[in-house]
Amino acid sequence: MNIAIIGAMEEEVAILREKIANRTETTVANCSFYSGTLDGANVVLLKSGIGKVNAAMSTTILLERFAPDVVINTGSAGGFAPSLNVGDIVISTEVVHHDVDVTAFGYAYGQVPGMPARYAADERLIQAAETSAAHIRDIQVAKGLIATGDSFMHDPARVDFVRTQFPDLYAVEMEAAAIAQVCHQFNVPFVVIRALSDIAGKESNVSFEQFLQKAALHSSELVQLMVNELNK
């Protein structure tokens, strides 16, 4: 199995990159692709850049050039579920855009015309993530809806609006729905693994800078365990 792992920022890929054996680097359109083996599994690690356009562009290049069997999106997120704390992990069941509004034409809020209202993560990958999460102690691992938009969620009014639109929302970030949409078009299974670096709307900019490394460590740990689970 050829496993693709996508992180937006240097902090989100650095830990896994250092663990890739026989690593080779390819740069396309300012996106970095690292190929090699992780605990014996064939992997390609992509540093996509931040935001939906960078994520969609780089994921398209990834799928065209490297043809992975599955895609895992990793990194940090802002927490929405009241039960979760900084450092906890969310496994996606579904992913949605929280900044798309074509409701005037009868579409669901967050739905891009011609696309599903929500993008369902692959059940096998969700199960592999849950099985792997059983080996991690001292943090909560939840599964649920993750929403994506090209804004950092620091405004309490915006947080309240998004929460109203998606009452079942667990976390928000800036790439996953774009990655999911490209995977949908290519018919490639995906899952999103995000550790919380902040709680949306609650001094989130300060918390993000302080806890990004902690979030990256937790999400990278689960992704590595998951790679081993998938490679059995």
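Counting begins at 1 with the first residue displayed.
Positions of Cβ are set from backbone N, Cα and C atoms, glycine also.
Pulled from Swiss-Prot:
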{"type": "ACT_SITE", "residues": "GLU12", "note": "active site, proton acceptor"}
{"type": "ACT_SITE", "residues": "ASP198", "note": "active site, proton donor"}
{"type": "BINDING", "residues": "GLY78, MET153, MET174, GLU175", "note": "substrate binding site"}
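Between the farthest pair of Cα atoms in the substrate binding residues (GLY78, MET153, MET174, GLU175), the distance is 14 Å. The C-beta environment of GLU12 (active site, proton acceptor), restricted to residues of the same chain at least 6 apart in sequence and closer than 8 Å, consists of LYS47, THR74, GLY75, SER76, ALA216, SER219, SER220. Reduced to three states, the DSSP call for the residue listed as 'active site, proton acceptor' is helix. Around the Cβ of ASP198 (active site, proton donor), 26 further Cβ atoms fall within 10 Å across all displayed protein chains. Annotated pair the residue listed as 'active site, proton donor' and MET153 (substrate binding site), C-alpha to C-alpha distance, rounded: 10 Å. The substrate site, placed at the center of the C-beta atoms of GLY78, MET153, MET174, GLU175, has further neighbours from the same chain whose C-beta lies within 8 angstroms: ALA77, THR148, GLY149, SER151, PHE152, VAL172, GLU173.
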